[in-house]
Amino acid sequence: MERFLTKMPIKSKANEVPKKEAVAKKETPKVARKATKKDTPKELKDKENAGDDNTPKQTKGRPGRPAAKRKNLDTPDVKDEKIAMEEENPPKRRSSRLTRSTRSMAEDGSPSPEKEKPEKLPFIKYKGAIKYFTESQDIAASADDVLQWVEKQKDDVVPMAFDMEWPFSFQTGPGKSSVIQICVDEKCCYIYQLTNVKKLPAALVALINHPKVRLHGVNIKNDFRKLARDFPEVTAEPLIEKCVDLGLWCNEVCETGGRWSLERLTNFIAKKAMDKSKKVRMSKWHVIPLDENQLMYAAIDVYIGQVIYRELERREKVKIKNEEEFKEKNGDAAFKAMKTLGETFLTKINEVTL
């Protein structure tokens with residue numbers, strides 16, 4: 001019988017761990033539970049004493065000295081959290097290395113360069129006459145007067161600033177051509193409102209097609225195309241062939257690039273600012289009569305166009321003269337070399353400085 005009996009291992013009392021101590025080691029520190037129906041106040045007290053291993057021990061000291069205050073585990077330590085954040089995201093150090101520009105400024109003792117502020121230009125002030133017409137017969141009479149004035153001029157070319165206005169709606173798009181403004185003399189601008197005009201007067205068509213008249217403006221070709229769509233008595237192609245786009249002409253004379261708006265061209269050539277108020281620009285140009293702001297806006301557009309034309313004409317003459325004088329003194333090879341370096345010859349150059 002003994003061989004069929006298995007010997008059961010006898011547990012040593014020395015290896016036994018008290019139940020309460022084992023539970024205390026495994027359990028994490030916890031907040032005392034709320035009393036339930038099954039727990040008695042005495043049992044709750046025993047459980048708190050058994051599981052609360054994080055309670056700080058009282059330090060030995062003089063009798064009567066209060067024990068250290070217990071930390072609230074539920075409230076995070078703000079100081080520790082700040083230190084942890086600084087360790088994760090250390091503050092960026094400013095590089096002490098000097099670049100080429102900062103080194104030169106440090107040696108010279110000059111302050112660091114500031115961002116250039118845009119130059120404040122004075123606004124255009126037009127003090128000339130504004131002749132405003134709304135009826136077809138009045139427009140015809142005015143255009144005929146200008147036509148006679150053009151024919152009396154001795155010059156072969158009579159520059160005339162030309163511009164148009166029309167209403168625009170984001171729902172319906174651009175409306176019909178409503179205003180034509182012209183300027184042949186900086187002292188007078190003509191504004192023709194076409195709301196009541198079903199067909200352009202013959203005198204106005206003859207004026208803009210006159211062989212001596214050179215119409216000019218910014219993006220003027222698109223104006224002629226729109227005018228021809230709205231009024232079939234106008235043919236766009238002959239007007240486009242003889243007109244002058246001031247932006248393209250500026251690129252040729254000043255050797256600049258890109259597309260120009262009238263506002264930017266005014267800043268660059270005339271050193272003036274334009275008040276391109278959206279309230280006026282997007283206003284109801286077909287409504288009669290135009291108010292003072294609309295009349296001034298329309299007049300300034302062609303007035304400044306005439307000013308820009310005269311200035312570009314003057315610069316072109318200076319440029320041609322300087323180029324010819326330079327070629328005579330230094331030869332074609334030197335002239336080509338200077339052009340390669342980006343010289344515009346808008347100012348006089350006597351000798352080659354390569």
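Each residue, glycine too, has its Cβ placed from N, Cα and C.
Just so it is clear, the model here is predicted, and its values are computed rather than measured.
Same-site candidate for Mg(2+) 1 binding, as annotated by Swiss-Prot with Asp163, Glu165, chosen from Asp301, Asp332: Asp301. Confidence annotation: the domain '3'-5' exonuclease' (149-314) carries a mean pLDDT of 96 in the model. In sequence order, Met164, Val179, Gln181, Tyr297, Ala298, Val302 are the same-chain residues whose CB sits within 8 A of the CB centroid of Asp163, Glu165, Asp301, the residues recorded for Mg(2+) 1 being left out.
Listed in sequence order, the residues of the same chain lying 6 or more apart from Glu165 (Mg(2+) 1 binding site) and placing their CB within less than 8 Å of its CB are Ser178, Val179, Gln181, Trp285, Ala298. Counting every protein chain shown, the Cβ of Asp163 (Mg(2+) 1 binding site) has 25 other Cβ atoms within 10 Å.
In sequence order, Ala161, Asp163, Gln181, Leu262 are the residues near Asp301 (Mg(2+) 1 binding site), counting only same-chain partners six or more apart with C-beta under 8 A.
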